[in-house]
Structures are given as C-alpha cells and as structure tokens.
Amino acid sequence: MLGTVIKKIVGTKNDREVKRYRKIVAQINQLEESFHKLSDDDLSGKTSEFRDRLAKGESLESILPEAFAVVREGSSRVMGMRHFDVQLIGGMVLNEGKIAEMRTGEGKTLVATLAVYLNALSSKGVHVVTVNDYLAKRDANWMRPLYEFLDMSVGVVFSGQDRDEKKAAYLCDITYGTNNEFGFDYLRDNMVFRLEDRVQRDLHFSVVDEVDSILIDEARTPLIISGAVEDSSEQYRKINQLAPLLVKQEDTDEEGSVGHYVFDESQRSIELTEDGHSFVEEWLVEQGMLAEGESLYAAGNLSLLHHVHACLKAHVIFKKNIDYVVQGDQIVIVDEHTGRTMAGRRWSEGIHQAVEAKEGVTIQAESQTLASTTFQNYFRLYEKLSGMTGTADTEAFEFQQIYGLSVIVIPTNRQVQRKDFNDLIYMSTEDKFEAIVLDIEEIVNQGRPVLVGTASIEYSELLSNYLVKKGVKHNVLNAKQHEREAEIVADAGRPGAVTIATNMAGRGTDIVLGGNLQVELAKLGENASEDEINALKADWKARNESVLAAGGLHIIGTERHESRRIDNQLRGRAGRQGDVGSSRFYLSLEDNLMRIFMSDRIKKMMMALGMEKGEAIEHKMVSNAIEKAQRKVEGRNFDIRKQLLEYDDVANDQRQVIYRQRFDMMVSEDLSEAISAMREEVVTSLVDEFIPPQSIFDMWDLEGLEEKARNEFGLELPVAKWVEEDKKLYEEPLRQKILDTFVNDYQAKEEIAGEQPFRAFEKQVLLQVLDTLWKEHLQTMDMLRQGIHLRGYAQKNPKQEYKRESFELFQGLLEQIKYEVIQIITRVKVQSAEEAEKIEAARRLQEEKTTMNMIHDSLDSLSDGGSDSADGQEYPKVGRNEPCPCGSGKKYKQCHGSLV
C-alpha cells in the first residue's frame, strides 16, 4: 500500500527515465525548424560532418539531438513519415543499449532508424536483427531510401548468399539479417582457413527486433553447424517398431503401478521404469540387437539406449501438426512461438531421425557438431546490444539477469482504447469451440473483423472445420499456408473478415482496420489512373470508418499460452495507435495449461457451482489464478534457460579461447616461435615419460624412449648409444640433446622447403589439427552434458562436476593440439620444389593410367566375354576399326579409342 502511494508521488523508475528523455526531445524539437530550412545536399552532408566530429573525439551523446533531428527531417522528406516525440524516446532507449517496449502499431521499424543512424556514424557497422528473411529484406528495402539519402550504405544477409555478396553486405554501414544468419556467419567465420574468407567485422552495435522472441523464446535453441556421421537409419527404423508396444505408467504415486515409462508433461521429460527396461531388453534380444544376458546400460550399448529414448520421445512428446509437419518426404519443425515452419532446422540427439522413422519418411543421417553457440552467448559478444518489442516488461527480470538489459516502457502516442474481457472457461474443448463460433458469428454480423489466435495447426484446422459447417467465410494462417501470409494479413482488417492464425508473434505485419491500403494500391500497379487510385482510397476510408464505428478488431484466444507475453502479443494486435478494439480468451479444462497446472482446483469450483455442459465461468478470480499458473511456468522456463546458459558459459569460455587462438594464427605470418614453444613442451613431456625428472639411471627406460620417438615422430634417437659413449651425459644434457635433434630435423626441412612455403605449411597444420580436435572435443562435451545429471544420484553437484570435468577435458585438448602439431611436422617428408614437381608429374601420369583402367574395367564388365583388366602398358598406334590391343576383343574405337 505504502509502495503504491510513494510511486504515485515520486513516479516509477520507468516514469523518471521517460521524464529524462523528454528533456532531450525538447532539444530535438528546437532544432526542427532550422533543419527544415536546409537543402537536401546540406541535410545529407550532415553525416560527414558528424563523422568528422566523432573522429575528433566528440561523443555520440553530444551529437544525438542533431543526429535525431536530421533523421526526422530526412524521413519526412523521403518517406513522408515524421517521427513522433515518443518515437524519439524509443530511439534514445535503443542508443543507450536498452530494450524499448512499444505497443503494436507504434512504428518500431521507424524508431530503429534513429539509433541505427547515430551508431552507424562510427563506421564500425550496425546490425539490425529480425526474426525471418522476409522481414529483413522488407525492412531493409523500406528504409533504404532514407539511409541512402543520409549517405549511409545498407546491406542484407540471408541464407543462400555467396561469400562475396555476404562480405559486401557486412561492409555496409547498416546490415539487416536474421538472428540465425548472424549467428551462423559468426560460427562459419571461425571455421575458415584464410583471413579473407571471413565475412563479419567485429560485433559493434545491434538492434534486435522482436527481442523477446529472439533472446528468450529461442534461447533454448543452440546454433549448431554439423557434419554427417555414420548412418544408423536402420536402427531407428527397427526400434520405431518398439515404441507402440510400450505402455505409459498412469499413476506414479500408487505402489504397484504398471507401465513401461513415466511421462512428466509439465517438464516434457520421459523415463523408462524398471518394467520398461526389462521389456525393452527382452525385445531387443528377440530382434537380435542385444546379446542374451547383456544390459542395455553396458558401455557398448549406450548407442542402443540413445535410440530407444529418442524413439520413445518421438512417439510420446512430439506431435504431428503441433511440433512438426510432414512436407513431401521431410519432417519440418514448427516454431512453437510463431507457428512458422523452420525449413532446414533439425532436432538434435537423434530426435529428428526418430520422428522421421515414426512418420515413414526417409531417415537422414545423424550429424556431428562441428561448431556451436547459443543466441545468449552470441548476442553478448556485441559491444552494445539493444532491442524492441511490444511485450518485454513481463520478462524484464530475465533481460536484466542474463543480458544486462533494462526494459523501458515507451508511452503510446495515443491512449489505448481496447477492451480486454475476462476469460470464459468451459468444461470441454467441444463446448469452448461452439462458444467461439457463436461469438465469431455475432461479431461478423456487427461488421467487425475477427482475429482468432490458436496455439497449434491442429487447433486452427479444428476451428476451421467448425466454421465451415456453419458456413462462415474465413482464412487460415498457419505453417501450411505461410505462402499466403502477406495477402491474408492485408485483408484481416476488412469488415466481417475472419482470420484464424497460429501464434501471431513475429508476424511483423500490422492488421489495419478496413484492410491494408498500401497493399491494395500496390495491386493496382504503376499504370493505375488517378481516378482508380482516388476511388480505392475513398472505398478504403469508408471501410475504415465502418469498422471503427462497429467497435474495431476483435481478438479471440482459443487457449492461454504458457507465457503471458505471447497472450499479450495476440491482444496487442487490436487497438493499434488508439483504435478501438476488444479481446477475450476462451479456455477449457482440457487445455494443456489448465490440465497440467491447475485444472483440479477450478474443476472443483465449477462442480460446486453446479455447472452443466455448454455453460462457462467468468470471474476475475479465475483469470488471476490462470495468470498465477502462467507466472509459475514462466519461472520454470527461466530456470531452464538460466541453467542452459550456465552450462554453455563453460563451453563458451573454451570457445572464446579456441576462436581467439585460431584468429591469431590466421593473422600471423610467422608461427615458428609458437611451434618452437610447443616442441619444447612436447619433448619435455616425452622425455619425462621415460626419464623421470631427478631420477637415477636405473629408472630410465631408454629403449621405450627410442621406440616411441621412432613410432610416433619418425625420428631415430640413439639415446642408449649416446649414454654409452658419454658416461657424463646426465638427465639435463641428455634432454637438451634430444631437443636439439628435433630442432635440427625441423631446420633441415625448412631449408629444403624454403622459409615461406614452410611457414604456410605450419599454419595449415596448426589450423587443421585445432579444428579436428575441437570437433572431437565438442562431441565429448555433448556426451558429458547429456549424462552429467546422473551425478546427482551420487550426491554430487552436476554443475560443479561439469565445470571440473570440462576443464580437465579442455586442458587435455590443448596438450593434444601441441602433441599432434609437432608429431605431423616431425613426421612429414619434405621435398624441394624440383623434386615435388617430378613427383607431381609422375602422380598425374599414374592418375591418367588409373582412370583409363577404371573406365576399361567398367566397360569390360558390361561385355559378354571380357578378359582380364588392362595393366596400363603403352599401346602401339592402331586404326580405329582394328581390334583393341588390350585384348578385350572389341574394336579400338569402342574400347580404349573412345577415350582419345
């Protein structure tokens, strides 16, 4: 109570921040008139003036008012759009590396231009991040005229671009792209062998659109570049037959409960019971996949166990038309937050292969991780990070904790007039959908458009069937119809339009009341007459006014999402820029959120009220209880994301060390000093193994040392002979003599090859060894991560154990890199340029002969009475119709003559 009173007197922290920004807005407004008088050339010339001032030491903050005034004036001239005062505040929030929460329709794309322009003045590059390629290209093309007018270059990165195009896009002042593309380019840059093949510059400043979707919803999805490994598709196909035989254990609390697996729906986790293990082992023995008497948990059978778990998850957890769709011969993942399909994305840990087996499509090979990171760790690499969204305040704590980003709620330009009605809760899904259809019919009869948000493709199609039966015209926007997205959204605001859409997050398009005039004008084409354009504008104005008079857009939610933010995003589609509108959520006790987290309590309440089929309960107390359940789920999801980050932070520290070393190797022209240091460490380690430090002669294993040097390094070290010849050759002098032998071998090779070629060879060896061992290390880390939770059963802290073991693994990796580099350089046989040319010429000649033999063999196998294959001897000159001298029995022109 006291806190509320103080807030009313002093204002919230957000209010105080907005008040501070308004003082700077006043300065920008004072400059407006003088900037309005400037010519186009003088206005665009301000960019080079600002750059000069920054180069002389002025700060961005000192030129902010002028820079924002320039962008506002430029936008008015080029695009016919003037930034509102609240949009200027949004630009300041972004410039300070914070998150601007702005309601739908408040012009986030235009707001970004302010901070983007200001930070691009440093010529270090600014990245504008969107959720998909379509929005990246759309926003770049939309804002390009403004930026180019202000003498700024604009580029777009997208999947499928060649390296030169991508590099050029990154060299622009402003680069648009998706979070995936920026992240994957970062990983790819750390896999190239030449500095000139890198495409990204240092990560300077980033503005993330739909920041909650990218930094929170997708935070659990790692970015992985992978390569194929050994094919195990047949195992998935066989084990897929097992999954339908397994029975869920219904009540885990009762003793004697029967079942093969326990499924925790709230955690989306699944575990085999004791009965389940026995059943699976018996079945695998019957199928000949497991030896009699062997355990599924034996070290050699962990791959089988992995396949069993993956197939069980595919059948129980992953649902068709909810988690994925089948398109042709492929399984395509559906983004649970946006309802979009994610072509090219695959689940890891064998899940995707198991789903492919379940649906009977071609099973693609499993993959090995070559490089990986998370969005959390990638975006924390930027010097300055900011973001925009319509709904961030509910996740403000997480943004602050994980990314150090404050959330500032930007006041709306006009007062929100949307009415948010209490939820209606029904006993069953059927009752709920019947009520939704009645509501839709009533709203449509009033001449208002309706947007219905569903959580899955399955629900959108179910509701569509209800509406078809009632004869209600409607459009469905889900992962299966995403090609028509722009067209459907453009018409969604027309009078009486009904649009069913899976989660509207990240759609990037506002629903304009009366229909989207700009889209309709574009359809008319460039050749449209003035009369046609005016007629269309008049028609749109009449439609817009009729929808406003009827009450605006009505939003219907078919169930509550786990996150309040997603619900708020759906609601926010109505009431844009002060328009009227309304929203209501329809729930049933069979909805996932209700069923998993709170149905028993509400069910008892509904029974106590004597509710019957078709009746609903509507009460603020119920809506509050649901919100409380959502907070609980959000808290759980935050813990999961935080835990993921804590584990990935360990890997990230290692990743940064490896990537830093890799970069240093690429920029260095001479790595001989590094090689020398490695050689000394490796030789010391080698000698210590057979001649322990400060030991007596009897403890020395000279024979073992000679053998290892010969087998591992290809060097003859007559250590026993040296000791025999020189009785005073003690440990240290002997150690030095062995090192000198390695050094002499190295110098001899360098002299033969030439200094420059040998330096290039060293660099190549270092990079290749580092990459190969890093990939193996990632795989080991993955395996460690997957099984580390089992340490909890031994009363050990899994997180601490993971940190300890991963550190040990990393130390081992660094030692192994040194060892293998020295091993390769010492074992390599070096020829002079002349010798190399002779060997290459001989190789080419042999290759030509081999090719001839291979082709001859393949032709010979098709003939009826072929003889032995040719031995590659030279043949005398023969006529084309004469028998081939190889002895095949064919004419020369049909045999070896066909190759000439």
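For all residues, glycine too, the Cβ spot is worked out from N, Cα and C.
Which of 245-278, 857-890 counts as region 'Disordered' depends on Swiss-Prot, and there it is 857-890. The Cβ neighbour count for Asp510 (ATP binding site), using a 10 Å radius over every protein chain in view, is 18.
A coil conformation is recorded for Glu106 (ATP binding site) in the three-state DSSP classification, outside any helix or strand. Applying an 8 A CB threshold to same-chain residues 6+ apart, the list for Gln87 (ATP binding site) reads Glu106, Gly107, Leu110, Val111, Leu114, Asn413. Reduced to three states, the DSSP call for Gln87 (ATP binding site) is helix. Packing around Lys108 (ATP binding site) is summarised by its Cβ count: 25 other Cβ atoms lie within 10 angstroms of its Cβ, all protein chains included. With a 10 A radius on its CB, Gly107 (ATP binding site) counts 18 other CB atoms from all the protein chains.
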